[in-house]
Amino acid sequence: MRTIALPLSGKLGVRDKLRPKAQPNPVLETFYTTHCKNPKEGELINLAKQCNLPVRKVERWFRRRRNTDRPSLSKKFCEACWRFIFYIISFFTGLAVLYDVSIQAMSPPLQPSLFWYYLLELSFYCSLVFTLPFDVKRKDFKEQIVHHAATIFLISFSYCANYIRIGTLVMVIHDASDYELSCSILNYMKWKKTCNCLFMIFSAVFLISRLVIYPYTVLYNTYYYSMEIFQPFFGYYFVNVLLMTLQLLHVFWSCLIIHMVYKFMLQGTMEKDMRSDTDESDKDEETEKVQEKEKNGITHFNNITSKNCIQRNGSQQQNRRTHLTNGHAKDR
C-alpha cells in the first residue's frame, strides 16, 4: 500500500480533499477523546457555556474534528488496490484448487496446493481482524466483524474436519464478487462511466453467487443431502450455523445493493457506497456555508433596498418641498 498504491494514486490523479481543521481547544478536545465524538444538543449548550462560544461554533468544531479523523481519499484508494490484488489472485487460485479437489479421490492425502490455498485465505481474514481498527470504517462495521469471525471458524473447521470441497467452494464463491467490489478504485479516479458498468456487473455476480449458487450448491448439500449419508453430529450443526450466518449477511448486503441499483436506474448515476460514513458531515458543512451565503445575500439585498428606499423617499420629500415652495411663490 505504501510502496506501490500510494505513488500510483498520485499518478492517476487521486487528490485528497482539503478539509478545514478545528482550532485547538483543550475543553472540547478532552470531551471529544473521552466522552463522545457527536454530542447532543444539551451537551453542546454546556460546552458552549464552558468555552464562552456560540453553540454553532462548537457544533462546527466537532464537525471539523470528526473530518480530520476520517480516512482520506488516497487511503481508500490504497486499501481498495490491496484488496483487489488479493481477491483476484485468490479467486483464480481457488478455481485451480477446486478443479484439483474435484478430480481427487477422498481417501488420498491432500495436495500441497490446497494447504497453501487454505493458509492464504486464513491468514488474510486474520489480518483483516487485526487491521479493523485502522482500516476505513463503514456503517456495516459490526457485520464485518461477524463475517470475519464466521469465515475464520469455517475455514479452520472445514480443514480440520476434512470438509475440503465445501470449504473451497465457499471461498471461491465469495472471492468471485469481492474482487469486483474492490474495483471502486475507478470511482476514486473519477472514471464514472466505467465504474457504473462494473457496478452493474458486480451487482449481478453478487446476487447470483450469494443468493442462488450459494444456497443451492452449498446449503442444500450441507443441510439436506448430508443427512441422507451421515447421522447428525457436532460438525453438522456447527458448520450449518456458520453457513447460515453467512447467508444472513448475504441477504443484508444484497438489500443494500438492490437499493443502490434502484437509485442507479432512477438517477442514471451510481450512488456512493451506502456503507460509507464520510458524506453526512460534509453535506452539513456545505449546507451551512450555503445558508451563510444566503443570509449574507439577503442582508446585502435588504441594505441595498433600504438605501434605495431612503434615497427615493428623500428625493420625493425634496420634490414636494420644491413644489410647495414654487406653489407659495406663485401665490405670492
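Cβ coordinates are placed from backbone N, Cα and C, and glycine is handled just like the others.
Curation does not apply to TrEMBL; its annotations are automatic.
Residues annotated as DNA-binding region in TrEMBL: 30-73.
Residues or ranges marked as compositional bias 'Basic and acidic residues' in TrEMBL: 286-297.
As annotated by TrEMBL, compositional bias 'Polar residues' applies to 299-319.
Taken from TrEMBL, the feature domain 'Homeobox' covers 28-72.
What TrEMBL records for 75-266 is domain 'TLC'.
The annotation region 'Disordered' is assigned in TrEMBL to 275-332.
A Cβ distance under 8 Å defines the sequence-distant neighbours of the transmembrane segment (84-103), meaning residues of its chain 6+ beyond its ends; these are 111, 113-114, 117, 120-121, 124, 164-165, 168-169, 171-172, 175-176, 178-179, 182-183, 185. The feature transmembrane segment is assigned by TrEMBL to 84-103 (among others).
The transmembrane segment annotation in TrEMBL covers 115-134 (among others). Sequence-distant contacts of the transmembrane segment (115-134) (same chain, at least 6 residues past either end, Cβ-Cβ under 8 Å): 86, 90, 93-94, 97, 141, 144-145, 148-149, 151-152, 155-156, 159, 167-168, 171.
According to TrEMBL, the feature transmembrane segment maps to 197-216 (among others).
Residues 140, 143, 146-147, 150-151, 153-154, 157-158, 161, 163, 166, 170, 199-200, 203, 206-207, 210-211, 214-215, 218-219, 222-223, 226, 230, 270-271, 274-275 of the same chain sit 6 or more residues outside the transmembrane segment (236-262) yet have a Cβ under 8 Å from a Cβ within it. Taken from TrEMBL, the feature transmembrane segment covers 236-262 (among others).
Model confidence over the domain 'TLC' (75-266) is summarised by a mean pLDDT of 82.
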